[in-house]
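Heads up: the structure comes next, in structure tokens.
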Amino acid sequence: MDSSTAALATASAKLDAVAQQGSSSWIGFFANIILGIISLVYSILYSVLKLTTFSIPSLLYTLFSTSLTVTMNATTLMLIIVLVFSLVSWFVRYRYLNMYSRLPPEPQRKEPDVDLFPDTHPGGSKPGLSNYLDEFLSAIKIFGYLERPVFHELTRSMQTRKLIAGETFNLEEEKGFCMVVDGLVEIFVKSARTGQHPVGESCSIDSDGSDEHEEYQAGNQRYQLLTEVHNGAPMSSLFSIMSLFTEDIKLRHGGDEGGEPTSATETYTSSRYGLGNDFSDQRESTVSVPTTPQLERSSSHGPTLHDGDANPSMGGRVPASIPPMSLDPPLQSRPKRPTTSRHATTSVHPDIIARATVDTTIAIIPASAFRRLIQIYPKYTAHIVHVILSRFQRVTLATAYNYLGLTSEVLHIEKSMIDNATCQLPNFLRGDALTRLKEKFNHERERIGEKDCTKGIALHNSSTGRRRKSTASLRKEAALQAITHGQRPSSVTASPPLQPRESGNKHTSNSGDLLMNIQLSRNGGRRSTSNMDPLTRQSTLLGSLETEVVSPLSQRTSNPFETRRHAHISLNKRETRDEDGLFRESILECMFKAIGLTANGTGAREPDSADASPRLTSYDQIRRGGYSSHNAFGFIDPYGGSVDGDADSITSGGTGPGLPVNPHALAHDMRDEVEIVFFPSGSVLVEQGERNPGLYYVVDGFLDVCMSAADESSGDILKASKNESSLNIGPGNQQGSAGRDRFMDANLGQSSSRKRASNVRRNVALIKPGGLAGYVGSISSHRSFIDVVAKTDVYVGFLPRQSLERIVDRYPIVLLTMAKRLTNLLPKLILHIDFALEWLQVNAGEVIFHGGEESEAIYIVLNGRLRLVEDRQEGGVDVRGEFGQGESIGELEVLTESARSGTLHAIRNTELVKFPRTLFNSLAQEHPNITIKISKIIASRMRKVVDDPSTFVGKEGALKASLNKSSSTLNLRTVAILPVTSGVPVVEFGNRLMGALTQVGTPNGATSLSQSAILNHLGRHAFNKMGKLKLSQYLADLEEKYGLVMYVADTNVNSPWTQTCITQADCILLVGLAEGSPEIGEYERFMLGMKSTARKVLVLLHADRYAEPGLTRSWLRNRMWINGGHHHVQMAFRTQSVPINPTAKRTGPSLKERVQILQAEIQKYTSRKVRHSPFYSPDAPFKGDFHRLARRLCGKSVGLVLGGGGARGLAHIGIIRAMEESGIPIDIVGGTSIGSFVGALYARHADVVPIFGLSKKFAGRMASVWRFALDLTYPSASYTTGHEFNRGIFKTFGKAQIEDFWLEFYCNTTNISKSRQEIHTSGYAWRYVRASMSLAGLLPPLCDEGSMLLDGGYIDNLTVSHMKSLGVDIIFAVDVGSLDDDVPQAYGDTLSGLWAFVNRWNPLSSTPNPPTLAEIQARLAYVSSVDALERAKMTPGCVYMRPPIDEYGTLEFGRFDEIVQVGYKYGLEFLQKLRDEGALPVVEETEAKKALRRTMAPRRASI
């Protein structure tokens, strides 16, 4: 053994040595590898051969040759079969048929939080120099947009003054413009209760003596606190500034100028308020304008001033021979204008003093700065006056008229303005000429009939179309000629001096023919015009541009006006149209004279010299070509322009107050703008609440200035004296039970035009021949406070508003004259109200007040939108309301002196009127009856709260998010259409939506704005600073004129127009392509960067009327800022690969853009894409998606609420079919129980045909006894498992989500975990429909995020209240619930169960059966639902329907066809009955056809 072991060891050692030697070389290494591979292959081949040839055959032989015997009894066999069946059933039941439970989780979308800007000034204003500048700039915002030169001119002589605490400051003596820069100033007004009560016995509103700080006594005179002026607010009122600008403006012009209406105003004011002699004397001195030297000179027409009229302080340096409003040539040497006050002027605000509460710094812009501004920048002076007049109309007059009930005062202003704006036609047009004019209209009246005469008959003017057609080309030609002759100076001294004409000539009847009389009356104006070269006339007057190339007939008409050599032409040799032209021309001259546009007084003050002004001279040198755009109405000059557009906007483009105008030449050249119109007696020329179509001049007949008698029901607020007619209107009573507190009712003229036509009107004033109608409203572009009705057959001259606006823009004297008249005609009360009212301009996101703060003012929205939010206890905020134009906020808190209930912030840039509490207290003490109007507003608001059923469930968490959606959809004034990304056809979308809005009929109409429309309006100011002001004013005017303004963002994402669309929007429609990428687009990023807090709505455009399940959720998942819902809209479109309006480049489009355009064009002809037909197309226009969206924006949506009732709810299908056949659109659907099932089907398909088949299939499943029996389980929570029920609903809806439904849908459930109602608007449809149908006991509650949901009918079986809270106007509510058995019970104090059982089966018993335990539980569950049903029936705008389905049981789904037919027949009969009675609330969707009563659209007379 040892020897063998040794041998093996020796052999192994040898082998190791050999291996070591082999491994030391590469050859040995590779040899070992090869040998190993060969050995492995050999082993594998051997194993395979052995397995196939020996092992497998041996195993098969053994298996087949073996015998197996299995012995099993019947019990074991049955157990095996049951086990296999159970396994298969479990797989089918819980793995195959239970797919609905394995859907990916899609929880309900949470209501997005409201976007709020961070409060940048939580602790008040910050000190320092920057604060000083900010407060100063905010104070002078009242002047509008101030350009740099004007700002410097105003501020270079500004003074500051320190007031210590308690120091008084007499504003009556201060002639400049005062503002508070730092501190607090109280403004007091002299109390009319002087001597009525001893000191300390004041008539206080409160009982706690809080008015002690609101009164101030100086000697025996008591003062009442009017307002408090904080940092950045002006101490002077609007009329303080206007009085400075209009010191030298005459109230009336010409020979018919009478005395100032001092006595009338004084008598009216004294009798109105019982004012003492103190006020009368001050008003007398205020209105007594002839004490001013310049006005004395202007009205006297004499060569010199009276010596006694000169102010001694002026040292006799005022030139006696040069009136400030003269067109005479300037003298060679003119004295320098003194810097001191030129004359003592009584303050516009008497009886007013200021007292500093703390140490205060005030800034004063002296009156001399404003006088200097008039001379240097006359055009901008008129702009400031226009801004002030506009704000006075919108702030003071509108508030006094509609909010305080001061109707008499406002209408007295209208009457006084009518008395001052009169001018008689020349006598030569009063006799035979007027008779011939009437004959022309009489022939036309006989031809067309009396019925069409109410529209008005306009005299035909053949040259109107030719003039308008050639205007643009003539302007270009004149501009080119002006550039060619550019060396001619543009100052007025280039022409010979104009001779002043005799004012009395026009009213003197001279011998001779007609033209002699005309020439004698116009000997001055046309002579100077004829002496000018043609080019001068082209650059001075628009009409001369137009008459250079007109027909010879028109030239022949204008020739007699130039020289006397044509005076011998007889009238009978002229054509009749020349006489019509004379009428038009004379009417225009009278209009010009009445509004202050005369040759002897065309401005506030004549400048020293147009050539000597260093600013004008330097400006003329800067201009290239030397051509100044002095056409009459400031038309856009297509060729001439200034180097500096901003300077051009200030110093040129208009005839300043000191530059002369020839009204005769202007009237001759503009005569084609005038229409001579006949109105029969009773015709309405101007309606209250609408914008004046133009200016009416009464040629013959009488016009009544009226108010609707229906507006007088509120009575006289301030108790006018017995000898004075009551003129108060009270439009608040017309606002209905809804109580929307609009002090500027935009619907007034449109919605109630037919009603007002039939109402009895109360006469306010009479306009006689020579008077003007629509004077104030036309010039100020504000809505009319009055009706103008033809008292007799009347012949009027009509100047359209567009033409009048050009005159006002060109000649500032028109505005200044009206401002002068207003400042001298206003009652004292209106002046004090104007002083206390504060105009605020709030930036987007700025907080007006916080919750819990003291209520110190009422806010009225002039323009913009506000949102009131309330903090949640668990964090975040809830929206309590949104307030648009004309609505007021905070009356209840101010009257009750309670803290603010929430935080108010601006959604966008907003203009507000701040009505301070101190003013309200002052008015209440001086005139206690003035509080009646505000009390009515608060009472109507409280009535709305009581009547609104949603307030009863307002504290429940389910409805907090939607309680105030009604306020978000009501009173929308601006809507922006913003694409998600480039390539979305927003222009086509906007055009279709605009068409739908027109057909739906928005109040006051709607308009659409695009970049091109804005550029056309801005003209040459589109790219300078003045354009910003013009744009903001233009947009504000559009919001007042139209009920809805739509902004279409049709430019690139970074363009200013896109930014404007976002900042101006109350609601932003984000339009995207449903089939496109749901990623956030560049426009959305830009919108988010601007931090807009406007309500945002997503609109998805579909090629087909179908939305894939889950598509909408993919869009909404990343857009938490969508807080206004979403809409699905079908619109055929072609995707654009280039921007909508690509920016034009100087070098032309890039190569890439050209290729894209060519590809798009080629693809239109080469694409072979098969377009599938839409799933469903609406067969009626009222069902169109754009109409549905339009109704939603206008607050005219139609809602359908379907109640629960089991199988009885199948009648909903028939009623929906009847509504479709009756032409009633359905925009929003809500349902409970079976109503949620039928409503969800209709909301998904928006058609009755699909819901019929799907509902019948579901009813068949519910009627199957076997399915019900197989679903039974141990009744621990319910009798069934709910699987069959779930399966039936899931097979109907599949994976569809509520967001994918074509119509807006919601359903309600009862959350028994939190004991409240839940509203579901997102998530899987089948889950929440099933939860809404879960009858307790029959089905188990549905678990949703830890809460158990049951049938929503337990709390509210007819969700009308929630539908109303969504902002729906008309609601059709269908109730199919079972009727409660209210038979009186008398079974005693105890009840035997055995007796009850016997009595139930005893046919001879007359005792009613007592309710069972199940019936008692069911009635207990539906207690709250019964109360909600009664409130729903009383909801305004709700149409309650209950078909006769009481005979059908809750589970009788097998009678499907019968129940549907019952609902269909009932629906047809019910709707037909409403239509026959005229009570069908849905208005036909046709364009509004209104009777044309104005002059531009009547039937013209054939002459």
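Glycine too: its Cβ is placed from the backbone N, Cα and C atoms.
The active site, nucleophile annotation in Swiss-Prot covers SER1233. Mapped onto three states, the DSSP output places SER1233 (active site, nucleophile) in coil.
The active site, proton acceptor annotation in Swiss-Prot covers ASP1351. According to its DSSP assignment, ASP1351 (active site, proton acceptor) is in a strand. The Cβ of ASP1351 (active site, proton acceptor) has GLY1204, THR1232, SER1233, THR1309, THR1310, SER1332, MET1333, SER1334, LEU1335, ALA1336 as same-chain neighbours under 8 Å, each 6 or more residues away in sequence.
The nucleoside 3',5'-cyclic phosphate 2 binding site annotation in Swiss-Prot covers 821-941.
Residues or ranges marked as compositional bias 'Polar residues' by Swiss-Prot: 262-272 (among others).
If you look up Swiss-Prot, you'll see 285-302 (among others) marked as compositional bias 'Polar residues'.
Residues or ranges marked as compositional bias 'Polar residues' by Swiss-Prot: 487-496 (among others).
Residues annotated as compositional bias 'Polar residues' in Swiss-Prot: 506-542 (among others).
Under the heading compositional bias 'Polar residues', Swiss-Prot lists 552-561 (among others).
The compositional bias 'Polar residues' annotation in Swiss-Prot covers 723-737 (among others).
Feature annotation from Swiss-Prot assigns domain 'PNPLA' to 1200-1364.
When averaged over the domain 'PNPLA' (1200-1364), pLDDT in the model lands at 93. Listed in sequence order, the residues of the same chain lying 6 or more apart from GLU853 (nucleoside 3',5'-cyclic phosphate 2 binding site) and placing their CB within less than 8 Å of its CB are ALA899, ARG900.
Around the Cβ of GLN885 (nucleoside 3',5'-cyclic phosphate 2 binding site), a 10 Å sphere holds 24 further Cβ atoms from the protein chains shown. Following the DSSP three-state reduction, the secondary structure of VAL869 (nucleoside 3',5'-cyclic phosphate 2 binding site) is strand. Within the same chain, residues at least six positions away from ARG917 (nucleoside 3',5'-cyclic phosphate 2 binding site) with a Cβ under 8 Å of its Cβ are SER855, GLU856, ALA857, ILE858, VAL894.
The 10 Å shell around the Cβ of SER901 (nucleoside 3',5'-cyclic phosphate 2 binding site) contains 15 further Cβ atoms across the protein chains shown. With a 10 A radius on its CB, SER1233 (active site, nucleophile) counts 29 other CB atoms from all the protein chains. Secondary structure at LYS933 (nucleoside 3',5'-cyclic phosphate 2 binding site), taken from DSSP and collapsed to helix, strand or coil, is helix.
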